[in-house]
Amino acid sequence: MHVLIPAAGSGRRMEAGKNKLLIDLEGESLIYWTLKSVFSASLVSWVGIIGQPNDKKKLLNSVKKFSNEIEWINGGNTRQESVFNGLNSLPSNAEKVLIHDGARCLINPDLINKCALELEENDAVILATKVTDTIKIVDNEGYIQQTPNRQNLWAAQTPQGFLVKKLREAHEMAIEKNWKVTDDASLFEMLNWQVRIIEGNSSNIKITSPLDLQIAKLFLKDY
């Protein structure tokens, strides 16, 4: 299985002053732990990191253990552009791909394998968790307009897996139509293509705040 890891986190909300994937987490960089989990998945055979050129040296230095096993890919101005660059940098024999956020360092390798296996039967799959909070839809002035049934609500995570041919087609359509999305599954939705949900777990958080970092430290103490 081929895996692409967008790794251009600005670290603004972390107040880090650098790419948040370089933040120290139990003696290693955040991206180190992500790669450790990804390479622990037995079905993974190729990994590409998509980042900004000015981060390349520092990011690769922080994951020297994996330096011979990863490919560097220059990213674009947005996550969407970066993933498209990644798709165009895959080996010619790549038929399926998993896209995984660099900041989700607590991903369980078994869930990575599960996503890969589900692509045997589906064109697109994503990890997600059932929403447990009551969700409110509000207007621009902050007034509640609707309370959707949470039984039908899931919080999207990564990995998100796709047939390479279909995902590339979706990205090309997005360029043509000027669609802007925050995850790749949204492109399939806009094209009315099916995406299969795979239930993930609540520990697969995306590190976006100092609190998230403290939570990750607690999980990694026994890793």
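Numbers run from 1 along the shown chain.
Cβ coordinates come from backbone N, Cα and C, glycine included.
Residues or ranges marked as site 'Transition state stabilizer' by Swiss-Prot: Arg13 (among others).
Under the heading site 'Transition state stabilizer', Swiss-Prot lists Lys20 (among others), citing sequence analysis as support. There are 26 other CB atoms within 10 A of the CB of Lys20 (site 'Transition state stabilizer'), with all protein chains counted.
The site 'Positions MEP for the nucleophilic attack' feature in Swiss-Prot is assigned to Arg150 (among others). When secondary structure is read from DSSP and collapsed to three states, Arg150 (site 'Positions MEP for the nucleophilic attack') falls in the helix class. Counting every protein chain shown, the Cβ of Arg150 (site 'Positions MEP for the nucleophilic attack') has 13 other Cβ atoms within 10 Å.
For Lys206 (among others), the entry in Swiss-Prot reads site 'Positions MEP for the nucleophilic attack', with the evidence type sequence analysis. When other Cβ atoms within 10 Å of the Cβ of Lys206 (site 'Positions MEP for the nucleophilic attack') are tallied across all protein chains shown, the result is 15. DSSP assigns Lys206 (site 'Positions MEP for the nucleophilic attack') to coil in the three-state reduction, outside any helix or strand.
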Under a three-state reduction of DSSP output, how is Lys20 (site 'Transition state stabilizer') classified: helix, strand, or coil? helix
